[in-house]
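Below is one structure, written out as structure tokens, with a few remarks after it.
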């Protein structure tokens, strides 16, 4: 096949040929043809795509009927990181970071001679917790999926609590190293962390699209009252899971100040949130939720 695009020859019933005009006044298909051009040739000429890559100083017009539109140029701004958008590059960076945190922490926690495995296990539990939060929303509630679904910046209070736990551990490790030796209480704390994480994950995977990181003010069509699985035992298993995950992490690190502080803050937060959320659920489901409420409990201390 001849790849030259200088001219297009069209066979007509009169065996005549035509040559595109040699001049043009503006970019675009020509509006007239040379005298004597057949109707078939004129139609072909008007329906042929114009190659805009020609030099503006060159009077030659190029035609390519098979030419496809060029893809839109990609700007470097399309690849910005940490801009809060749920973009592939941000998801990849967050996921890679959490995976690296988990992997490195497990290695450090299990290394021979490690004196503070509880600290590395705490960091590993953070990697698991935040990864599963995003995965659950991505699987079951994708319309509400955001980069914030990782819960890395859940709230200033959550960030402050995490920083407080790490800070207390390091300060006490320096001044009271004997308090940070690995023992029975640390192991109990680790077990509680695992139980808490398992309960929260089961809750998210049981509730599916009914699970959300925010209290729903309005009942949507897909909302149903989930009462089976772990919900047949606990009324708010995700809250139960987070409460004991957080408390277990501080017991595992033997942080006495944070154990007391977390207990007070979490009790205040969940008592307020559960009370408000159950008002919404009663409005959504009426007597059905009241009956379910009477048969189950929260599993949280001092919160019915």
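The backbone N, Cα and C atoms fix where each Cβ goes, and this holds for glycine too.
Looking at 119-138, 139-158, 159-178, the stretch flagged in TrEMBL as transmembrane segment turns out to be 119-138. Looking at the stretches 214-241, 242-269, the one that TrEMBL records under the feature transmembrane segment is 242-269.
Within the chain, the transmembrane segment (119-138) has long-range Cβ neighbours (under 8 A, six or more residues past its boundaries) at 94-95, 98-99, 101-102, 105-106, 108-109, 144-145, 149-152, 162, 165-166, 169, 173, 190, 193, 197, 200-201, 204-205, 211, 213, 245, 249, 252-253.
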